[in-house]
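S.K.: The active site annotation in Swiss-Prot covers His54 and is backed by sequence analysis. Here Swiss-Prot flags His100 as active site, proton acceptor, drawing on sequence analysis. Residues or ranges marked as ATP binding site in Swiss-Prot (evidence: sequence analysis): Tyr57, Lys96, Asp501, Gly538. Look at Swiss-Prot and you will find Glu98, Asn539 tagged as Mg(2+) 1 binding site. Marked as substrate binding site by Swiss-Prot: Ser99, His100, Asn101, His102, Arg121, Gln245, Glu317, Ser318, Gln319, Ser541. The Mg(2+) 2 binding site annotation in Swiss-Prot covers Asp122, Asp273.
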Amino acid sequence: MSLHREPTATEVKEQKIYREMGLTDEEFALVESILGRLPNYTETGLFSVMWSEHCSYKNSKVLLKKFPIDGDKVLQGPGEGAGIIDIGDEQAVVFKIESHNHPSAIEPYQGAATGVGGILRDVFSMGARPISLLNSLRFGELTSPKVRYLFEEVVAGIAGYGNCVGVPTVGGEVQFDPCYEGNPLVNAMCVGLIDHKDIQKGQAKGVGNTVMYVGASTGRDGIHGATFASEELSEASEEKRPAVQVGDPFMEKLLLEACLELIKSDALVGIQDMGAAGLTSSSAEMASKAGSGIEMNLDHVPQREKGMTPYEMMLSESQERMLIVVKKGREQEIKDIVAHWGLHAVEVGQVTDDKKLRLLHKGEVVADVPVDALAEDAPVYHKPSKVPAYYEAFQSEKTQWIPTIANVKDTLLSLLQQPTIASKEWVYEQYDYMVQTNTVVSPGSDAAVVRIRGTKKALAMTTDCNSRYLFLDPEVGGKIAIAEAARNIVCSGGVPLGVTDCLNYGNPEKPEIFWQLEKSTDGMSEACRELGTPVIGGNVSLYNETNGVAVYPTPVIGMVGLIEDVGHITTQAFKKAGDLIYVIGEAKAEFGGSELQKLVNGEISGKAPAIDLAVEKKRQEQLLEAIRAGAVASAHDIAEGGLAVALAESMMGEAVGADVVIDGEWTTELFAESQSRFLVSVPKEKQAIFESLVEDAIHLGQVTDHPQLNIQDVNGAQVLQASVNEMLEAWKGAIPCLLKSKA
């Protein structure tokens, strides 16, 4: 039930109740100054959620301005529900990634499920039909019973929601490191398709127009969810379980179809999802973006619980709700469309010209605040920054760690069993990735590929981030995150179009954490400019700490690419015996942050692998040209585990093998994680074309019809011999085996 008596404005100030809501003393004084009076309890709540990091990006906005956001094909950059990029033929791709980390740590099934629901609404509120979902997940070590529980429940929540709503979950990534034990990361991405003429904006335009509420009723779930997402997790966080929202994917499906029908009506003026901060953010942001105001009568808000206060209604984050603005006098048209889908559209207010959010309840004005103060004019901070001692120590090391390998085969099999490298089939077999029947490349390759019906085109999509590199060197790691995502798009035959990012970090009030955020956004910005991939939207999730210990800096990159002709679609699997195997790029003795270092030492240290963005760009462009020329049978990014793992992954499940000759020190050639490298196979008859197009390609060997990996050195000495079955057993069995463990 709600509070019996809300504190008075004076009590809010004197008892410093605003601190419990997340406002600092200085911020409360600023609210008082803006209003020219003390805010009441409800108004304090409005400011506390809108000025939370989750809604305002107050600690990160200064850094986000560094990102390139413009491009020839960008139709909508940051600022709306999702970004939009033109793909020709009057069509565009809409995509966005968001986090649901804190809710997933407390209530993993619903936290993950509602993360999927929220990102779907961001995309279809733009007028786009969602065509795919992806995710990026981080957990602690699977040897921990708590981690196994979180992992299983998060995957079940993603599957449960996505499968029911009828949108395929086609790809993503899952990584495991001890730093995520108490604070898993659950980032969900949605990709949608739209015709230019259907693009919508979340704006409340037209004085006198009607504000309507569509979708599920409002309950008490998720109250202060945005504030909860803007603080560190602790032992007490378990008590905040009621702050986690509960999703209904069947309601979402009805809402999706209703909204896509609504956008065909010229009676619709604006539409926005009620996401973080619920009615507060949707109303304040829609009015602020349009330079207008909104007056709402909360008596008309559909409520599923008795006795809800204005504070509770405005801060609820109940799921499957939309706020829309409709031309005055045409409300019935909207109601009829929505009713066709079994939903209600309720008139809750109107657009005004005074730039205020005015709330009425039981005949009284319960809040009257400037919309710009809530939205655009939230305070912005540039926190102090300090280089961490660990970074200085790593950088000053005179020599870098180089492993000594006693048995190459055992090392490869052990790497294939590492959960970060091992097959994620246990995860994606729970997802319906074929619903809508447009999925061309399923989970498990470098990028997922979804065709665009009625055209020869397809979209490649991926999520990527190696947070170990970012921990060792945030700036270099930021560059690598962008480059690896682009590499995966290119390996699928696509040209990278743009980026949506999810910046997952610790507490920015700690100078060392803010330094990580600052440096990694520097690296990301530079890579985006060099590779021509504008950032069209994203999300910031800070305070990812448990009892004062932060996660690694984890800026997850969501990237979409355009494949002009489905004939160019390429996968990582070797295709047929006789094809020639090439590696593009050279291996260097770079093991800092590598899977091998983690396997051997149990921890990471040293320097991240170096990256030259000009070389990266050249190799990507040349490989894409070779793919389009029909000279490439398979392509795979060389990433975690190095060349040896890439070779193994290229023959998993295929009735082929490989004979390879390496020239150089075995450990470096096979296991170093040097950047800007690709493993490709080339039809023998296309060898001349391939070699004329790709400069840095080194011929390693060829694909065989014997399912075995044979590696020799240039002197003919046997380096490794492993059957595909042995590798497959290690790779596929690792995660299911750990989940069955009772340790």
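Every residue number used here counts from 1 along the chain in the order it is shown.
Just so you know, glycine gets a Cβ as well, placed from its N, Cα and C.
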S.K.: Just checking: which of His54, His100, Asp273, Asp501, Gly538, Asn539 have a Cα that is within 10 Å of the Cα of Arg121 (substrate binding site), counting only these recorded positions?
M.R.: Asp273
S.K.: Under DSSP, is Ser99 (substrate binding site) helix, strand or coil?
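M.R.: SS state of Ser99 (substrate binding site) = strand.
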S.K.: Determine, from DSSP, whether the residue listed as 'active site' sits in helix, strand or coil.
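M.R.: Going by the DSSP assignment, the residue listed as 'active site' falls within a helical segment, counted as helix.
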S.K.: Rounded to a whole angstrom, what is the largest C-alpha distance between any two of the residues Ser99, His100, Asn101, His102, Arg121, Gln245, Glu317, Ser318, Gln319, Ser541 that the record assigns to substrate?
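M.R.: Looking at Ser99, His100, Asn101, His102, Arg121, Gln245, Glu317, Ser318, Gln319, Ser541 as a set, their Cα atoms extend up to 20 Å apart.
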S.K.: Which whole-number value in Å describes the distance between the Cα atoms of Asp501 (ATP binding site) and Glu98 (Mg(2+) 1 binding site)?
M.R.: 8
S.K.: Near Lys96 (ATP binding site), which of the recorded positions His54, Asp122, Asn539 can be found within 10 Å, Cα to Cα?
M.R.: Asp122, Asn539
S.K.: Considering only the recorded positions His54, Tyr57, Asp273, which residue has the minimal Cα-Cα separation from Ser99 (substrate binding site)?
M.R.: His54
S.K.: Give me the Cα-Cα distance between Asn101 (substrate binding site) and Gly538 (ATP binding site), rounded to a whole Å.
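M.R.: Cα-Cα, rounded: 15 Å.
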S.K.: Where does Asp122 (Mg(2+) 2 binding site) sit in the DSSP three-state scheme?
M.R.: helix
S.K.: Should any of the recorded positions His54, Tyr57, Asp122, Asp273 have a Cα within 10 Å of the Cα of Asn539 (Mg(2+) 1 binding site), which are they?
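M.R.: Those near Asn539 (Mg(2+) 1 binding site) - Cα within 10 Å - are His54, Tyr57, in sequence order.
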S.K.: List the Cα distance (Å, whole number) between Glu98 (Mg(2+) 1 binding site) and the residue listed as 'active site'.
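M.R.: Computed Cα spacing between Glu98 (Mg(2+) 1 binding site) and the residue listed as 'active site' is 11 Å.
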S.K.: Counting only residues 6+ apart in the same chain, whose Cβ is under 8 Å from the Cβ of Asp122 (Mg(2+) 2 binding site)?
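M.R.: Asp122 (Mg(2+) 2 binding site) has long-range Cβ partners Gly81, Ala82, Lys96, Glu98, Cys190, Asp273, Gly275.
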